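Residues or ranges marked as active site by TrEMBL: D193, D496. Look at TrEMBL and you will find K163, E164, D193 tagged as UDP-alpha-D-glucose binding site. Residues annotated as Mn(2+) binding site in TrEMBL: K330, D354. Residues or ranges marked as transmembrane segment in TrEMBL: 70-88, 100-122, 568-587, 607-627, 697-722, 728-750, 762-781.
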Amino acid sequence: MAPALNSWYKPLKFHPYCPLIQRNSAFDCPLPSSLPTQEMEVLSRREHYITPLAPIDTPLHTVERLPRTAVNRVFLVVYTCAILALLYRHAQTLINSTTLVSFFITLSLLVSDLILAFMWGASQAFRMYPIHRKQFPENLKKNVTEQDFPALDVFICTADPYKEPPMSVVNTALSLMAYDYPTEKISVYVSDDGGSALTLFAFMEAAKFASYWLPFCRENNIMDRSPDVYFSSAHSWSSKAHKIKEIYENMKVRVGNVVNRGEVSEIYITNDQEREAFDKWRGAFTPQDHPTVIQVLLDNSTDKDITGHCLPNLIYVSRQKSKTSPHHFKAGALNVLLRVSTIMTNAPIFLTQDCDMYSNDPQTPLRMLCYICDPAIERTLGFVQFPQRFRGINRDDTYGCEYKHLGEIHPMGFDGLRGPYYCGTGTFFLRQALFGDPSTSVKSEILELRPDRIMNKPIKSPDILALAHHVASCNYENQNKWGYKMGFRYGSLAADIYTGYRLQCDGWRSIFCNPKRAAFLGNAPLNFVDVLSQCKRWAIGLLETASSKYSPITFGTKSMGLLMGLGYSYQALWPILSIPVTVYAFLPQLVLVSGVSVFPEITEPWFLLYLFLVLGAYGQDFLEYVLEGATFRKWWNAQRMWMIRNLSSFSFGTAEYFLKSIGLSTCGFNVTNKVVDDEQNKRYSQGIFEFGVPSPLFVPLTMAAIINLFSFIWGTILVFGGSNEEGLLLQMLLAGCIVVNFFPIYEAIALRNDKGKMPTKITIIATLLAGALYTATSFIFKR
């Protein structure tokens with residue numbers, strides 16, 4: 001007999017998808033008449049009686065505090081004392097300055113060290129309560145039946161069929177459709193912000209192939225459910241697998257031919273329904289100006305696979321675009337998917353996924369449910385974040401694309417507080433989290449956009465499709481709260497971190513789920529320019545977050561507490577590290593040429609302080625890397641890329657942000673190129689940097705390489721010539737460290753002849769600018 005409803009409904013008012021309750025279709029009883037009218041109205045929309053989950057008999061997950069926590073706290077105290085001593089020395093030197101030049105040098109170093117000190121202090125928020133979680137999906141079905149699993153919507157975003165090949169997006173979608181999850185509960189939405197018929201054609205082909213691929217995955221229980229990954233691996237295949245591979249290869253050829261032609265010709269259209277869909281691209285249709293296109297490619301109520309099982313819903317969405325209306329880049333596309341999916345399927349949970357991040361573990365939704373279905377988890381849980389991991393990275397991770405700190409170490413630290421930030425992909429959201437805070441919902445402008453609404457019409461019904469087109473129009477968000485109080489937040493190019501931050505300020509919590517087998521794998525940029533350009537875009541977006549009225553330093557600390565505020569401040573102000581890195585990459589080396597010492601001599605006690613500060617920071621960083629499974633070479637490359645990003649991407653991003661803020665420059669969202677030619681791929685696999693195309697981002701790197709090499713040689717000459725050896729030693733060591741780190745740049749300038757070498761134009765410009773800096777410095781010190 002069903003338990004009394006009143007005691008279980010109360011949490012529902014605050015959280016429609018509270019993990020303490022589940023819809024139970026086995027009960028179809030009349031609702032108790034004693035309920036208040038308002039509650040009766042809400043429950044009647046839910047169609048089925050709501051019953052509590054059975055008590056959890058076996059654990060669904062565990063939490064472990066990392067052993068290094070105590071060491072981190074002790075080191076915090078010791079290192080803080082050393083920083084205070086350094087600032088005292090700077091202040092003392094500044095007061096005793098006798099010339100304008102010495103005052104300027106000391107002031108520059110003081111400002112740089114203040115920034116480094118603040119950023120180091122803010123980063124300690126991640127080190128106070130780091131935790132590691134483990135899930136037990138095998139216990140889930142002992143506590144919850146499959147029919148009680150919540151429905152799941154999946155959002156995949158793509159924007160350019162040439163930079164993001166349609167077959168890559170198709171493989172991502174197929175891998176997610178093949179989850180170990182009831183297929184009738186999965187709906188996959190593909191947002192095509194490029195408005196390309198090529199992408200639609202690829203997904204029409206994918207819909208046909210899915211009827212073969214999904215039952216094959218289910219019957220053979222394979223782990224690699226991206227067809228491209230599976231058929232590229234060394235499996236011993238059955239005759240059935242060979243047959244499916246043949247179907248897949250035929251699909252690849254057809255899609256490849258269409259992409260190469262740049263249009264869907266008549267010979268590839270097989271029926272009138274497809275012809276009608278592609279007719280929308282006739283006339284004045286352009287990627288920047290076109291009407292909404294929504295195409296239901298698979299409907300789980302009617303479409304079956306070759307074994308008779310229903311297929312997941314698959315819906316193609318290209319929102320309306322107009323040159324006169326802002327589209328807010330990826331955040332705008334996700335908000336359209338959020339509204340369209342609320343109208344069409346309205347699953348209580350949805351997954352946001354980058355187009356190249358395919359599923360690497362078919363049990364990932366079950367791992368997520370280990371938290372959603374646990375009554376011990378607070379009902380303020382807003383999202384579960386899985387880390388970004390990448391395939392194709394070479395053995396030593398030349399470009400530092402694993403982002404060990406950003407992708408694993410920092411989220412584990414956040415997880416011990418209020419939870420990790422939203423990374424933009426691999427994130428399972430509870431839909432309610434995007435419609436208000438844990439206690440109240442923002443009132444939707446139309447009733448059909450309520451997240452607690454139960455669907456009672458098929459997704460292909462004219463009324464549903466008309467409403468879906470309406471909420472995907474480019475003017476729909478005018479004069480309402482979308483992007484500001486509801487949905488994914490606008491106001492920053494780094495909309496993912498900004499959205500997660502705002503949700504946590506509203507009271508939502510998150511969980512970091514980091515299983516040993518990567519839940520998702522994607523393609524890291526293998527072109528050096530793309531790596532730097534991506535980081536420049538992040539820099540602009542992060543600074544927009546830091547300077548907004550919701551700044552983590554003030555609003556974040558007030559809303560979430562000191563440690564979370566400091567953690568988000570570190571993320572948002574990450575680009576300002578370019579200031580001290582640039583100062584230390586140029587200033588000590590330039591004054592070394594004139595024999596001027598800016599650091600203490602070896603015999604001074606202050607020398608040991610500098611040594612401790614450098615070795616302590618690098619040592620802590622190295623130990624964190626190693627403890628999380630990285631090698632020394634990976635750590636070395638990561639710290640080199642830290643230096644490179646700050647000198648190049650973050651310097652340009654910071655400058656562009658300030659120019660934009662005073663109206664002198666604008667910036668946009670550039671899609672990272674996911675196409676790499678064979679020669680580039682070969683050089684990358686050998687650990688060789690790819691410069692190739694001239695880019696302004698290379699100029700400061702080349703300048704720093706030239707200046708530090710010259711200064712190191714000049715300092716060596718001065719030392720062996722009998723000059724102040726002790727006073728110049730630290731400057732020589734600093735220059736020598738940068739020279740060692742920048743060896744790939746020297747190699748690209750002088751030792752390589754391939755297409756990826758440093759462009760001559762960049763070398764000439766950098767040499768002239770470095771010469772100008774040397775001349776100006778020498779002139780100043782000779783006066």
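Backbone N, Cα and C define each Cβ position, glycine as well.
TrEMBL: automatically predicted annotations, no manual curation.
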Recorded positions clustered about K330 (Mn(2+) binding site) [Cα within 10 Å; pool: K163, E164, D193]: D193
Neighbour count (Cβ, 10 Å) for K330 (Mn(2+) binding site): 21
E164 (UDP-alpha-D-glucose binding site) CB neighbourhood, other CB atoms within 10 A: 25
C-alpha spacing of E164 (UDP-alpha-D-glucose binding site) relative to D354 (Mn(2+) binding site), in angstrom: 10
Nearest of the recorded positions (K163, E164, D193) to D496 (active site), judged by Cα-Cα distance: D193
Cα distance (Å, whole number) from D193 (active site) to E164 (UDP-alpha-D-glucose binding site): 11
Long-range neighbours of the transmembrane segment (70-88), counting only residues six or more past its ends (CB under 8 A): 110, 113-114, 117, 120-121, 124, 127-128, 130, 609-610, 612-613, 616-617, 620
Three-state secondary structure, which DSSP defines for D354 (Mn(2+) binding site): strand
Whole-number Å value for how far K163 (UDP-alpha-D-glucose binding site) lies from D193 (active site) (Cα to Cα): 13
